[in-house]
Amino acid sequence: MEGGVNVADKAEFKECLRLTWTQPYILQLVLSAGIGGLLFGYDTGVISGALLYIRDDFAAVEKSTVLRETIVSMAVAGAIVGAALGGWMNDKFGRRPSIIIADALFFGGALIMAFSPTPTVIIVGRVFVGLGVGMASMTAPLYISEASPARIRGALVSTNGLLITGGQFLAYLINLAFTKVPGTWRWMLGIAGLPALVQFILMLMLPESPRWLYRKGRKEEASEILRKIYPANEVEQEIDAMRQSVEEEVLLEGSVGEHSLIGKLRKALGSKVVRRGLMAGVIVQVAQQFVGINTVMYYSPTIVQLAGFASNNTAMALSLITSGLNAIGSVVSMFFVDRIGRRRLMLISLVGIIVWLAVLGGTFLGAAHHAPPVSNVETRLFANQTQTCPQFNPSVSWSCVNCLKAASTCGFCAHQGDKLLPGACLALNDASRRTCRADQREFYTEGCPNNFGWLALIGLGAYIVSYSPGMGTVPWIVNSEIYPLRFRGICGGIAAVANWVSNLIVTQTFLSLTKALGTSVTFFLFCGVSFLALVVVFFTVPETKGLQFEEVERMLECKDYKPWKRYQGVNDVEPAKNSEEGLTAP
């Protein structure tokens, strides 16, 4: 709600269920727009499994860590551009057309990937998919936020996060379903276009955001939409509140330089309110990525293999655990985000992330120290059937870890009877893999056999449980609430770009870091970054729970503003000396 009668800190999830039952139009809007989150999640999950089979089909991908990272991360690079364009398109053309265009891009990218003859064409398709995902990732929460009653806004925006995690879980299920079908990865990537097609059709039948329409002078259209969203006894109050809110913003924003992108950006950054909100919004988006979540979501099967599970099918099946926990965590967020609060939920989440990343680092460290050695006798058994690792020197003591780190790219063929006994180090190629498996042995290319694998899976699951309810969904909620309406599109775009740039950095470097530093050191590095994120979030991100958009703006302009202070409402604000000071002062 815009008027501030009902506040979110009094809302419970049962109120969300009640309203969506009595006012089903709300649910229709939320679920249709939320398919953008499903697209986001499906892309994240599907590439993690498809990559295992792309690697098997193309020798260049098998041998090049950078090429694998590029196939994954080019969607992220496209999303950066898509998020930036989405911010501008949201303000210029509206929320609904932005989602429709995002669907068309995603659908086209899925078809390109499905029929790719080379890794290069896969990368092109990934860029198209990324453009669509980037636009949808920042538009869907905005659309839902502006079409939701304030007392359940947090829960409804969390629905987008639930659909992201649901999309990831669905992707892992579909990956498993196609493991025995010819053209495995082509089916996995091609089916990704179906959710985009469904949303494209649904959005053609839905209206624009009422707040955007009202701001563009289409007042009667906005009023009609509000009549479908709110109970009859609340409609007129909501229309009047929205009118006052938008008219106040139009008066405040002025006319100089406001209608161009550069002018709007200059005006935004000249506002103390926007700068404070943007700092918080960008920080939570960057922190969301730098805690390492997409090392798990984009490379989950690979991490399972790093933990000592060699089989592609096993790796994907076990990855279902992490994606399932991620979906459950999103449901938990929907229950508690309006009760506990955005800021507190993120801080609790970060504490758990730090603890479990440390556990993961320690687990992988122990696994590396107990990796089975390479045996010259075992290696020589394969000398006549396939090529042994060119760098292997029988006079030097090697373990499985040394074998997998060899510059010439090698794989470890485990002992036939007990995988923890000394094995063979072979050149990484199809012949070596077939010969090793024909002898009833496991062939390892990512991680080594060890007894720590299940502990790593437990740590991975606990990390997801800590991440999903807080850092997984709350940053998007904060960014849908913390900016003035007139700058919400451009600021949301900036924050989304920051999220995707951070995502790109993490995604493009994870496998290289594990090769250069080792898996344990990489997780310890993410642990340290997460601790830094905890400190920065504590000192820069305010609580927006229970506040209307206008109250958030007044909080940010308060002259004694402190992010860690709890602001309850209008009466708590000690305003600046004049009404313009908080909005224009540098």
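Cβ coordinates are placed from backbone N, Cα and C, and glycine is handled just like the others.
Features as listed in TrEMBL:
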type	residues	note
DOMAIN	29-545	domain 'Major facilitator superfamily (MFS) profile'
TRANSMEM	25-54	transmembrane segment
TRANSMEM	66-86	transmembrane segment
TRANSMEM	98-115	transmembrane segment
TRANSMEM	121-144	transmembrane segment
TRANSMEM	156-178	transmembrane segment
TRANSMEM	184-206	transmembrane segment
TRANSMEM	277-297	transmembrane segment
TRANSMEM	317-337	transmembrane segment
TRANSMEM	344-368	transmembrane segment
TRANSMEM	452-478	transmembrane segment
TRANSMEM	490-511	transmembrane segment
TRANSMEM	523-541	transmembrane segment
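Note on the transmembrane segment (66-86): residues 43, 47, 51, 54-55, 60, 98, 102, 105, 119, 122-123, 126-139, 298-299, 493, 496-497, 499-501, 503-504, 507-512 of its chain, located 6 or more positions outside it, place their CB under 8 angstroms from a CB of the stretch.
Here the domain 'Major facilitator superfamily (MFS) profile' (29-545) returns a mean pLDDT of 83 for the predicted model. Using the rule of three or more Cβ pairs under 8 Å, pairs at least 6 apart in sequence, the transmembrane segment (184-206) is in contact with the transmembrane segment (25-54). Taking Cβ pairs closer than 8 Å, the transmembrane segment (344-368) reaches residues 284, 287, 291-292, 306-308, 333, 336-337, 401, 447-448, 450, 452-453, 455-456, 459-460, 462-463, 465-467, 469-472, 474-475, 518-524, 526-527, 530-531, 533-534, 537-538, 541, 543 in its own chain, all 6 or more past its ends.
In summary, the transmembrane segment (277-297) lies against the transmembrane segment (490-511): three or more C-beta pairs, each 6 or more positions apart in sequence, are under 8 Å. Sequence-distant contacts of the transmembrane segment (523-541) (same chain, at least 6 residues past either end, Cβ-Cβ under 8 Å): 279-280, 283-284, 287, 290-292, 295, 342-343, 346-347, 350-351, 353-354, 357-358, 360-361, 364, 478, 513, 517, 563-564.
The transmembrane segment (98-115) shares more Cβ pairs under 8 Å with 25-54 than with any other stretch in the list 25-54, 156-178, 317-337, 452-478, 490-511. Scored by C-beta pairs under 8 angstroms, the transmembrane segment (156-178) has its highest count with 317-337, from the stretches 121-144, 317-337, 452-478.
Distant neighbours of the transmembrane segment (121-144): 29-30, 33-37, 39-40, 43, 47, 54, 70-72, 74-87, 89-90, 95-96, 98-99, 101-115, 156-157, 159-160, 189, 192, 196, 209, 476-477, 479-480, 488-489, 492-493, 495-496, 499-500; these residues of the same chain sit at least 6 beyond its ends, with a Cβ under 8 Å from one of its Cβ atoms. Within the chain, the transmembrane segment (452-478) has long-range Cβ neighbours (under 8 A, six or more residues past its boundaries) at 141, 154, 157-158, 160-162, 164-165, 280-281, 284-285, 287-288, 291, 293, 296, 300, 303-304, 307-309, 318, 321-322, 325-330, 332-333, 336-337, 342, 345-353, 355-357, 359-360, 363-364, 366-367, 370, 499, 541, 544.
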